[in-house]
């Protein structure tokens, strides 16, 4: 999923959209359903307006224009495109039911979509099997965006995970709905009464954040995170892969990640994949932590047998200390845009796009299906003087917006002459990773490119 850009970062109308990666449902908007391993330019897309944000979900994509129009494509089995039907859409199509209702931000979940209007109202469509639409007595699916009436406060940010969603209000509160975290919580916290916001099918205020003012929130598959106006990061939910930087296997209430993990700097932005997190601090440093077996963290870790033993309470054990501790990724210092898919990532640094992580469907854009272990330039995107402006991720696909020069340079056989600092050759190590194994997290009846789903990101403009 993607960080939603604010209106002040609107991309010029001359910008063009590129898409690549998993495409089993037409989520790339290219008019077919074949995976694409190199970025492909979408012709004549969205000429009437500027592109403000790009993002994706389990098998669908969404683009918001400067004028507030929403364009969608891809999987639509549960009505997640909001078009009034359930047929797949292979090219970006304007969401007509929202005409006259300008959209500010979109968050794509696994099989549902959350929209935020310019007036601060939240809409939803798609699957409601786990209460993720925030309409407790509504139908099991909704094919047209509907307002979440019980969320009466003005909202400034929305996020969508696998089976839950969040909204941050103008007053700094966070609301959560959808039962995506409830099953893990009951299993990992036996005998405990879970807070209402973990089990609610309508927006419920997240308790434990009363003494802070939230500016945004993000969602993973089984976890959530919230960033405050003072640069503090709170996390809650499942911690199987160390993504909560805690010894607990499950955090039912928000817990602050200590500032020393970020070298005592304030956090200004956070993004979430399915089981990993990325944060940026006030000086532009980028930190990653969480699941790492597909290269999600952009750095190679020592194998467990090579790590020094660390004393831990076995009842509170979580995956080894290397991946559970936020660590700086020096080659991304100063990145202006970052987006997390389910297990892959995109970043914009010095007007160039870099990718790393899971690459089974070519979503890293290097022309292969081998995982990418360190941030690596996407060479097939247009070179200088073109500028990479926006990036966005779905579960297993990628989107990018480039500003092309007046006379575009051909994209074929492009070479990057100045590799990024810390950029190292990515060697294939798939023998050590079974790409079809999801450690018990597989969701039945899903095609491979829908087996992971990212959670999106947010950036604070108020941290001082």
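Cβ atoms here come from the backbone N, Cα and C positions, even for glycine.
Broken down with DSSP, the repeat 'RCC1 1' (15-67) shows 0 helix, 25 strand, 28 coil. Per Swiss-Prot, the feature repeat 'RCC1 1' maps to 15-67.
Taken from Swiss-Prot, the feature repeat 'RCC1 2' applies to 68-119. In terms of DSSP helix, strand and coil, the repeat 'RCC1 2' (68-119) has 3 helix, 23 strand, 26 coil.
Per Swiss-Prot, the feature repeat 'RCC1 3' maps to 120-171.
According to Swiss-Prot, the repeat 'RCC1 4' annotation covers 172-230.
Residues or ranges marked as repeat 'RCC1 5' by Swiss-Prot: 231-283.
Averaged over the repeat 'RCC1 6' (284-351), the predicted model reaches a pLDDT of 81. The repeat 'RCC1 6' annotation in Swiss-Prot covers 284-351.
The repeat 'RCC1 7' annotation in Swiss-Prot covers 352-402.
According to Swiss-Prot, the region 'Disordered' annotation covers 422-464.
Annotation comment: Swiss-Prot describes 429 as phosphoserine, evidence class similarity to another entry.
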Below 8 Å between Cβ atoms, which of the listed ranges 120-171, 231-283, 352-402 makes the most pairs with the repeat 'RCC1 1' (15-67)?
352-402
